[in-house]
């Protein structure tokens, strides 16, 4: 029985109890949201050691960190370190997007290195295996695609991105609807190219019921991928993006009827003023399915700083209903991220998520309240304890010391110290 089926029956599962306690919410409130499909729980039945995580409308906004090898750089130890660093700095989930090396062993190593839910994009493996054989990606058979999906499910991944909305119909529209950037989703492009080459329907769309059967067996959350997300600001909100979105909405409803948990992925690159409307449209089109966004990135001309451009968009998206933020690192659009890039990306995304969470959860606001108290007292030890990045706190304090009880920015001119001293004197 899946979490969705249990919730529909009125059952509060052990995973729901665990999550409700961690989130500080009523288990029954969580159950009702799961039953409606508004919240999903990541916990593959074969992933025994994972601490389940929920994403949806009654829990905190969550953050995902993407890691993984590439065909140019295969360093498994580095990827495991990235996973550990991401979790240390607050990532709620990890996606292994490896495309180089022994993908099966890499995936398993990452899964055993951390205790958070793991997501993948199975078609990456199907494509990589074609290249490893000296074949073109479009030579993938339907069995190759399905075998990759089932392998990931059996290995215990908790959610998978499946670009089921890249249909033959929408691919035909691509010939007419011109984009500035084109198609930037790797998995979506693999399927679009395959459709164009063979003239066949996307197997995941055509045989969606079979996909639901597989997902149901392992209680894997299907993350319905946005293969036609905008890859640049000029393409935001175009016909292709919206057509795919409505297809995903229909597939969400079919999954719920089958007892399978689903969430929907979203953009992408979006001008800042369009973000609220895009999120609200997505929520309506998908009947309030949990919405998982990459950014959105709000400007395209700051490569090297896209952890910041995405955090800005992520905060606005979350405030307007996005439930799950995929981090972006400073290396986005430039190359494979380093461990330090991962750390910076997670922190930026966590800032965006926390900025929204503190408006909804008293416990989250209390953290900021306590920091304000500590700052008002110039209590540096307490500020250190409350800091989300203690290493950075210490680094700056040591680099820029002062002999005063304030910081080296103001020293004896510190506004807080001056007014506190005067108030104490009466």
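Here the Cβ of each residue, glycine as well, is placed from N, Cα and C on the backbone.
Just so it is clear, the model here is predicted, and its values are computed rather than measured.
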Residue from 1, 16, 95 that Swiss-Prot also lists as binding substrate with 66, 124, 163, 185, 186, 187, 226, 227, 228, 229, 265, 292: 95
Per-residue Cβ crowding (10 Å cut-off), top of binding-site residues 124, 292: 292
Residue 187 (substrate binding site) as reference: those binding-site residues from 269, 410, 414 with C-alpha within 10 Å of it: none
Lowest local Cβ density (other Cβ within 10 Å) among binding-site residues: 187, 227: 187
List of residues, in chain order, with Cβ under 8 A from that of residue 269 (Zn(2+) binding site) and at least 6 apart: 181, 230, 231, 232, 233, 235, 236, 295, 296, 297, 298, 300
